[in-house]
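One structure below.
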Amino acid sequence: MAFTKDEVLAGLADLVNDETGIATENVQLEKSFTDDLDIDSISMMTIVVNAEEKFDVKIPDDEVKNLKTVQDAVDYITGAQA
Amino acid sequence: MTTLKSLPTRAGSRILSVGAARGDRLVPNDELVGPIDSSDEWIRQRTGIATRARVSDGSEAVDLAERAAKEAIERAGIDGSQLDAVIVSTISNTVQTPSMAALLTERVGATPAPAFDISAACAGYAYGVAQADALVRSGMAEHVLVVGVEKLSEVVDPTDRSISFLLGDGAGAVVVGAADEPGISPSVWGSDGSHWETIRMTNTLGSMRDGAPWPTLRQDGPTVFRWAVWEMAKKAREALDAAGIEPGDLAAFIPHQANMRIIDEFAKQLKLPDTVAIARDIETTGNTSAASIPLAMHRLLEEQPELSGGLALQIGFGAGLVYGAQVVVLP
């Protein structure tokens, strides 16, 4: 069953919280992972791998650098769902 | 038809002893942050490294190898002349040929033992132990010296933010000898050349001949991180299966000391119980590639001698990409 954008956002916020301790309500669509949320590349990769498992999608390494904002990630994950 | 003779095989091999030598100077983060526009906090947060051991006294890699090897030989209670093979894992030989192993063999009094280098980067030590185990069990050798040694301070670029600030110098050595039962499990090892450029030198010897600068090391950090944790966790589980044990049977986990974040996430993925000691030599020694596992083992045993005789999972992984893992009985 495909996840809705709201479900992906909520799930992503949980993963960000697990990895970094950032409050889930601060994980908003317009936020930049690096500039606003101060997530480094290693934490980003941990979140990506956990998101792959949670949403049953593949996010190749080459795509990760294109995921600049939470919106980018939500769009990619919802688009990549089978 | 004439049948060729074969040697009697052995039931097992084990690590008899370990020796260590580190670069003489611990270089703090503050000395490196200027050219990479960074801070002590930035480096600690991303790598867990406070200092890295580097050579400042003019020692070459082979000098570090000799110190570590002599300690291991002495602790094994043997003489250099009793070594039946010498294996050096390194990317730090100063020439393409002859091998560092041949010189080391002469220095430790083991000539005319067969001697060769292994080029398997951060997996080199695990590759060497796999070879030594096979040589001993096959009957071709009774004692094999395996050394992982690097002088990575030769290949750092002070302006590089990908890997240079992690790197240190050191050597770790073990003597592998015959045992009545297996003290080294079947090795799980392999390569993936489709990611050949993920960890690489900036240019080739040929390009240097044509005027290119001295080559330094680079890596695609996030890609390496993903591979080193999640793919290597699968290989680590395979190694435990090959040994016929569970994580709870381990006394210690000694991964290649690449980055503290990799070590922490790796341990989490393996669901290691709190009873398993985790090697964290990287905090002060830095990443010493092929030397890092035996150096970390040496420190663990100095700090927690009660681990001796327990089981340790060791896994190396790095440029190639290559990996090697086995469970060993700690000396």
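Think of each number as a place in line: the chain as shown, counted from 1.
Any Cβ shown, glycine's included, is placed from N, Cα and C.
The active site annotation in TrEMBL covers B:CYS122, B:HIS256, B:ASN287. What TrEMBL lists as domain 'Beta-ketoacyl-[acyl-carrier-protein] synthase III N-terminal' is B:116-193. Among the features that TrEMBL reports, domain 'Beta-ketoacyl-[acyl-carrier-protein] synthase III C-terminal' is placed at B:240-328. Annotation source TrEMBL lists region 'ACP-binding' at B:257-261.
Sequence-distant contacts of B:CYS122 (active site), defined by Cβ-Cβ distance under 8 angstroms and a gap of at least six in the same chain, are B:HIS256, B:ALA258, B:ASN287, B:SER289, B:ALA290, B:SER292, B:GLY316, B:PHE317, B:GLY318, B:ALA319. Taken residue by residue with DSSP, B:HIS256 (active site) is part of neither helix nor strand, so it is coil.
Averaged across the domain 'Beta-ketoacyl-[acyl-carrier-protein] synthase III C-terminal' (B:240-328), pLDDT for the predicted model comes to 96. By a simple count of nearby Cβ atoms, those within 10 Å, the most crowded of the active-site residues B:HIS256, B:ASN287 is B:HIS256. In the three-state DSSP classification, B:ASN287 (active site) falls within a strand.
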